[in-house]
Every structure is written in structure tokens, then in C-alpha cells.
Amino acid sequence: MQIKLANPRGFCAGVDRAIEIVNRALEVFGPPIYVRHEVVHNKFVVEDLRNRGAVFVEELDQVPDDVIVIFSAHGVSQAVRQEAAGRGLKVFDATCPLVTKVHIEVAKYSRDGRECILIGHAGHPEVEGTMGQYDASNGGSIYLVEDEKDVAALQVRNPDHLAFVTQTTLSMDDTSRVIDALRERFPNIGGPRKDDICYATQNRQDAVKQLADECDVVLVVGSPNSSNSNRLRELAERMSTPAYLIDGAEDLQRSWFDGAQRIGITAGASAPEVLVRGVIDQLKAWGATGAEELDGREENITFSMPKELRVRSLI
């Protein structure tokens, strides 16, 4: 068996920044540091931060007074921000800047009284945060659609004063079909010049297509609650290549590779490279050889840290 590695894979700039914000806060201020929701959707990362003193909660009413709170990379609603401000909590915002860009778009549509359609997955924290940027007091509404059927059933107040945005971690192919359906039903709909799916999601989906085309089996390292990791697995399967989503080497089953000659490995944007290396080691223990890195797009994007966390404490 030969191992092929997708390129790029693993951490993106937004995930790097979010994890570093928690790490720096722990170093500068000491534990406990409270984090609203998992800072990124990866079991290994969350457990590591928890062991260092991060406390993960789902709502701010689980947070004591006079502590530091970090908002996760997925973003939060305006109501959550107002709740934190009302309690005087010290907040560091780890929202991915590309998610913040979508928030700004929604807020602008809201101020203009323009109704907004969000393409995304119900229940995902990024979707909840983005929906929560819309202020309906101006007379508009924000609607969530997941697929073309939702578009067909959608009832809006003014089809000529309408715009759309998208969740950043969707399947590019699926999203293109939904956008086409929106433009067909609402010819005057506005939106971004390109969809809001982030560069890292696009690059990893392109890379997994190449991987699935060249391999007999594809492994996606990522946690089950990771949206972008699930999209990678689905994309490989649509290309008729068996694909499995795994947290790490402990999830591997040897029977998956019966008759396989080429095994492809990629990782979602919230999965650290150490987990990929563990998978490679296990496959090599079962007789796999090599670990060929495929050609792919170079990523050199970085996002800045909050000012108070840019210099490590000397204490």
C-alpha cells in the first residue's frame, strides 16, 4: 500500500489564530480561561486546551463574573456580545476574520432593510452567529436555506430587495447549485462577487478531489462535528472513492484497506498535523510504504492576534 497526502490539509489561518488566542490567554492571565463553545471543532485540540486550564461552556450563564471569556472561531450573535458587555466580562474574540466578513455583510443588509438569505447548515454555531447579526427591527428578515428545495419553498416579503450570504465551510459544488437556484427564483438578488466559502475550505476541497481521483481509499482526519471535515468525506465519496472520517489512528479499521493499493489522507481545517502523522505511523505498521505529498496550492495567509495577547508575559 502506498500513502498519498493531500496538499493543503489541516489547520487554516483562522484555526491557528483561535487556538493561539486561547494559548496566549492561558499564558498571560493564567487558568481558568472560559471559552464559549469549542474554540474549534476538534476533540484532540479541545482536550489539550482543557488540560491546560481552558473551560468550555455553551452559554455565558455558565461563566462566573470577573473572568476572561473567549468567543470561538465560529463567531457569536449580537445578543451574546451584548450579554457579555452587560456583565462586564473581559472578552477576547477568536472569531475567524472570514466569518466576521460575513457578519459585516449581514449587518449592512439589516441596516439597509434588505432581507437576507443565509446558505448554511441548521444548528451549526457559525450559522447561529451569522443569523444573529440581523436586526429585524428595520422591517426585514433573515432566512436559512440548506438546499434547492428550501429555495423553492422560500417566501420573502420583497424579492427585489434581497441578498444572500453563505456559511464559510460548505461544499463548493452544493453551494453553487443553491446560488444558481436563488438567482433563478430571484433574478434581482444581490450577494458577494463570489460566495463566502473561505479560501481554506476551497483549497482543501480541490485537494481531496485530486486525492480521491488517485486513491482507492480516502481518510479524512477530523472530528464528527467539524463541518468542513464532513464535506471532505462527502466529496470523496461522490467521486466513488470509499472515504472515512476519523479523529485519529485509534479509529482505523484494517478491513477498510483490503485490496487497496493507494491510500489517501487529508485533514480538516481544525485537525492538527500530529494526528495525520499518527495515522501514517499506524498504516506503515500495517505494511504501507512511503508518504507522497501531492502538489497543491501554497497557503501563506495569517491573521493578527488581539493587541493584549501579542506580547507574551514575562512573569
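Just so it is clear, glycine is given a Cβ too, placed from its N, Cα and C backbone atoms.
For the dimethylallyl diphosphate site, Swiss-Prot records HIS41, HIS74, SER226, SER227, ASN228, SER270, and the single candidate of HIS103, HIS124 listed with them is HIS124.
Residue environment of SER270 (dimethylallyl diphosphate binding site) contains 31 other Cβ atoms, counted within 10 Å of its Cβ in all protein chains. For the recorded dimethylallyl diphosphate site, residues HIS41, HIS74, HIS124, SER226, SER227, ASN228, SER270 set the reference point as the centre of their Cβ atoms, and the other residues of that chain within 8 Å of it by Cβ are VAL40, GLU126, THR169, ASN225, SER229, GLY268, ALA269. Close to ASN228 (dimethylallyl diphosphate binding site), meaning Cα to Cα within 10 A, are the following recorded positions out of CYS12, CYS96, GLU126, THR168: THR168. Neighbour list (SER226 (dimethylallyl diphosphate binding site), Cβ cut-off 8 Å, at least 6 residues apart, same chain): HIS41, ASN42, GLY268, ALA269, SER270, ALA271. Of all the binding-site residues listed here (HIS41, HIS74, HIS124), it is HIS124 whose C-beta has the fewest other C-beta atoms within 10 angstroms.
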